[in-house]
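Annotated features, as they stand in TrEMBL:
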BINDING   Thr9, Gly10, Asn11, Val12, Gly13, Lys14, Ser72, Phe154, Gly155, Tyr156, Asp157, Lys177, His182, Arg183  substrate binding site
BINDING   Asp71  Mg(2+) binding site
ACT_SITE  Asp71  active site, proton acceptor
Amino acid sequence: MKKRIVFATGNVGKMKEIKMILGDLGMPVVSMKEAGIEADIVEDGTSFAENAQIKASAVFEKCHDIVLADDSGLEIDYLNKEPGIYSARYMGEDTSYHIKNANLISRLEGVPDEKRTARFVCAIAAVLPNGEVLHSEGTIEGIIGYEEQGENGFGYDPIFYLPQYGCTTAQLEPDVKNELSHRGKALRAIKEQLRKYCEEGAYEDTDRQ
Ligand code: IMP
């Protein structure tokens, strides 16, 4: 079978970033949709890594390519790492991030900078054609701001302030964010593991029709 990577996401923005970072591995990187795979996946793991593996394994059942999946979110230390693995579902999937961000800011009212520490986390799982599973994780540390700032990015970016850059991740240019971000770091780490796997000749090319 000709080698390719299927990434278990339907998110177009993520796919762009993923293709940019994994592009030099020398094999096509396609989304589930591009691979013609549909899967209704219940993310009921208790950690980012577990959820990533659940997604990757569910898609692997439907093809036997190299399958990658990620799971990510925001951990706020003062809130016992909330919203964590529930970041997308926090206050309901359909609630706007403007409202979610305002809620988190209000839960930190009166909390000084040094206790507003937070991080974005991204875990990636890769299921290989031989069933082996690889994992990587990337983080970016910051603090929760006092108001939304910036128009770039998505989700919690407007309240995720990077003291060393003097701005939020929503104020960074996309390529700068990719360079620094939890997802960029996790993708580059899994890429090195995949490169080793391919170099070891464990995944030989044969013909895919
Ligand atoms: P998922 O990994 O696609 O399930 O996304 C998890 C959720 O975490 C997103 O819906 C956002 O709420 C949040 N999140 C993950 N990465 C970022 C980021 O880079 N910026 C802002 N929010 C993020």
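Yeah, the Cβs are placed from backbone N, Cα and C, and that goes for glycine too.
Curation does not apply to TrEMBL; its annotations are automatic.
Note that the coordinates shown come from a computational prediction; the quantities given were computed from them, not determined experimentally.
Locations of recorded TrEMBL features on the structure.
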residue: Thr9; record: substrate binding site; Cβ neighbours (10 Å): 18
residue: Asn11; record: substrate binding site; Cβ neighbours (10 Å): 13
residue: Gly13; record: substrate binding site; Cβ neighbours (10 Å): 11
residue: Asp71; record: Mg(2+) binding site; Cβ neighbours (10 Å): 25
residue: Ser72; record: substrate binding site; Cβ neighbours (10 Å): 24
residue: Gly155; record: substrate binding site; Cβ neighbours (10 Å): 19
residue: Asp157; record: substrate binding site; Cβ neighbours (10 Å): 23
residue: His182; record: substrate binding site; Cβ neighbours (10 Å): 23
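With a cut-off of under 6 Å between the Cβ and any atom of ligand 1, the binding-site residues Thr9, Gly13, Asp71, Ser72, Gly155, Asp157 reduce to Asp71, Ser72, Gly155, Asp157.
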